[in-house]
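**Student:** My structure is below; once you've seen it, I'll send some questions.
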Amino acid sequence: MAFSPCQLAYYGKLGVFRWVKDGVEFDPSKDPELSVSRDSGTFSLTAKDGPIHQYQGRYNCYASNDLGTAVSNEARIVTESNAPKFPGKQKVSKKVEEGESVVLPCNPPNSTVAPVIHWMDKKLRHIQQNDRVIQGRDGNLYFSHVTEADSRDDYTCNTQFPSARIIVLKEPIKLTVVPSNSVVRNRRPQMMRPTGSHSSYLVLSGQNLELECIVQGLPSPKIQWIRKDGVLSESRTSKDSYDRVLRFKNISESDSGEYQCTSTNLQGMITHTYSITVEAAPYWIKKPKSQLYAPGDTVKLDCKADGIPTPDVTWSINGNLLTDPKRSLKHGVLTLKNVELSDTAVYQCKAVNKHGSILINAYVYVIELPPQILTEDGLMYSVAEGQTTEMACETFGSPQPNKFCLSDKTVIVKPPLALRIQRGKPATLTCEYQVDSRQYTPQVQWRKNGQKLTESSDSDKYMIDESTLIIPEVKEEDEGIYTCEVITTLDMAEASGSITIVGSILPPVLFVNPHSPDRPDSPTQIQMTEPKDRSVTLSWTPGDHHNSPVLEYLIEFEETEYERKEWEELSRVPGTNQRATLSLKPFLSYRFRVIAINDIGKSDPSMYTDVFSTPAAPPDSNPEGVRSDSIDPGNLVITWKEMDRHSFNGPGFRYKVMWRKVLGSGPSWHTEFMTSPPFTVTDVGNFSAFDIKVQAVNEMGEGPEPKSTIGYSGEDYPIEAPMDVGVALINSTTVVVKWAPINRETVRGRLQGYKRVWEGKPSNISFLITDSNEERKVLGDLQPYSHYGLSVSVFNNKGEGPQSDPLTFHTPEGVPGPPSSLLLDSPSETEMTLHWTPPTQPNGVLKGYTLKYQQGALTNSLIDSHQDLKLDPHSRYRFYLRGYTAKGEGLPIIREGATTLDGEVMEISQGFVTESWFIGLISALVLLLLVLLILCFIKRSKGGKYSVKEKEEGQIDSEVRPMNNEAFGEYSDNEEKQTASQPSLCEDSKLCTDDTLDDYANSMQTEVIMDESLASQSSGVRDVPDPGTQESSPLNPATAISHNGLPNSVAFLD
């Protein structure tokens, strides 16, 4: 086995190692049983058998070279003289009555390492444990009370020593439980482990602690834990073994205090108090830094440690206690004034208390160096005119360099770029500079890879125009570094750019490597320096960029303690950087890796670093979105957006929830700690206002003071309806609803508004919601001449309250809607009958109908007059039919139609008369008509046949033609009708009459009015009345049949 590895980082030449054991020099190379490593001080035991107790002790390793001696922390070797084993095997038997308590002893062998103990049976099955049977930390098996089922002869204590890979079995124990001679009586609890009423524990910070509370009693007692001097932290503690064990993991100083275990059953209770004192081995608060110094400098090495009790801090130089009076030591700070080359050494700071010691090395290297400027070049400063600014100029050298600054020196303000150019394309490099105005024009010299370039050297290759270099056609040999030198009589400035050929065509290949050779290689030598509480500096060495410069570096991190490990982006830096300072969050363990990126793609990730852990700190922020989300009446539900675990900043993260009533509760806050939202406060009243806030807390402290917000407890349904509901009529379709404001206390929540519900006849339920500050609302789109019932209610977030008593109102009469239908019927070429149905929405008492029609070209004007009509079989008509009430006429229904020669109605679709195709068709028909008329006139001028018989028959036919009883508004011009007989070509067309042109050219518009005093004719045939006996009214009311006393058809006759 290997002992005490000693591998220290060092400066200068390879060091020499030596060991000190228990304060005495120890040379492992002289021990034949030990083997020492060549490159380090590590030694190991080569003999596999034989005693090793002589190596037990405390060791320190000293590593020395020409710059000093470093010392390791103390290492301790503990040996076991003999393998652990139980004493002589003895058969143990126990016999008890049912209901009694019993302890089966294990008594494991003594060892420097705590064993792992299991109670098993002979088949190596675990003995079942519960709140009655439990294993103590001492390894014994405790029965609170026994039952007959506990009888067995193979209770075996198995003791395992993992580090030694040893398992020791104890002789099985026989337990016999006999029935009691009397009734088993209940017993009050009694402590079994620990005994007595009080026990004390001393534990070191960071260790784990378990408090036991094993009791006997019948029935099995229940266990409850409390902290007597505070609140028992649920995040810092956990319960195990059926609440018989209270466990502290990674205990801290805040856990010091008194804890109490209370055991109860039906017979009584017993308590035990535990006093816990937490102390700490030394730990570092501030570590000294290793650094290079120049002769004459003052060195301050700050070393601070803490612990309980407070440790003593001492300094050593090269492993020897510091006794030089020239070196000042005050409050842990070692000051070395006016250092010399001989002060180069390794200084050790050691902190010691009764619980242990820690040691750290600080390297002081005093050296003479020429002056160096440490401040980065090219820093930019932004400052307003008139302000003062400081420009950094950090230097290093030995002796300390003198610093001075130059102004108005020659600078290149716009250096040549790194160009990536395709072959055959032009390239332009510019070099803009700035010189002192008092100097002459400088000389600009261009170089390629260090060789001067002149325009005359190759007139076809380079064109130089002052500070501009042009390459008209780039070729492979033009790749390289191009430097611009600006030379004056006093100084010179230079800057470089480059040209890289890209986009070259590669010959076809059968296999393409998935890792393109144009991607950069992975960065190497990833190092972490300058560690701080919340930052660390990462540096790396770039890999080969393969002719495509690195544009940026991607730094990723992985949390090692997170179950779902994955790499996340942390930072990006320009490709010119080789280091980055990373901002970190407290209480996280990081590993880093770096990826280079160029135009081609990403490199493979670098090797990841060692784990870097940041110390815990109080939370930096509080949760957002704090609000009340209360639904149930009487409950206040406080919720918030859970914080990301990266913002916990330390162990034991919790939310501190605080609340108080806005009125009447004073400044005191109620507080509760939660691990997640929400948090509910009960029995606080309906819709009560509270100040609420939530603060982030961990073991290191509290987050910033949070701002409070107003939240409300849950709402309940409103209990009253609005009063004094009234309606004011505006017109036949609109009313105004008014109501008195509601008493806000009866709303029992936040008043969201008012809801109005009204129902008309026929049944048609509607509702309208308004804002909470409204007390009147206009209701429109009502049905005229209708009955309505209206109710008003209030509503909050919970729901709607009761409705007010129904209020009925009636809307006044209005104008009717259009008739439901209008059909056209043409019994003959000079007659048309109209049929219609009443409006579906009469909106009042329907008085009658108004019929208007247009003949010929459609115009916007209508002729409102009673007159005789002559229907032209060659004209088209548009009909407008309206109903009217006492309030006036309603909307019309419109139809278009024309009679035809065979008596059919040709309905004309609305809307197509303006189409271009229709206008063209009409024009063609008019032209054809004119040609026919001319032919007719020519025919008649030559003389034609005239049929007296046909004319007579035509007159008789027109006189005896029966009339439709439903005809309305029968009109006749009482003139002789045109004969149906025409000569030759005009016989069938009826286009050659004398009146054709006049009838077609003249449009006529007529209105027929039908009111309640008029009735339509009933269906049937009637004779034409004698003109002398005909009534003055155009219709006979005695024969009227209509809808609601109104006509539903009318006939137009020629």
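All residue numbers here begin at 1 and follow the chain in the order shown.
For all residues, glycine too, the Cβ spot is worked out from N, Cα and C.
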**Student:** Need the matching range: TrEMBL marks region 'Disordered' on one of 23-65, 969-1011, 1012-1054, and I'd like to know which.
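**Tutor:** In TrEMBL, residues 1012-1054 carry the label region 'Disordered'.
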**Student:** Go through 84-167, 522-617, 721-814 and flag the stretch with the largest number of C-beta pairs under 8 Å relative to the domain 'Ig-like' (409-500).
**Tutor:** 522-617
**Student:** When the region 'Disordered' (517-542) is classified with DSSP, how many of its residues are helical, how many are strand and how many are coil?
**Tutor:** 0 helix, 13 strand, 13 coil
**Student:** Looking only at residues six or more beyond either end of the region 'Disordered' (517-542), which have a C-beta under 8 A from one in the stretch?
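**Tutor:** Beyond its ends, the region 'Disordered' (517-542) has Cβ neighbours at 548, 550, 553, 555, 578-586, 590, 592-598, 600-610, 612, 614-615, 617.
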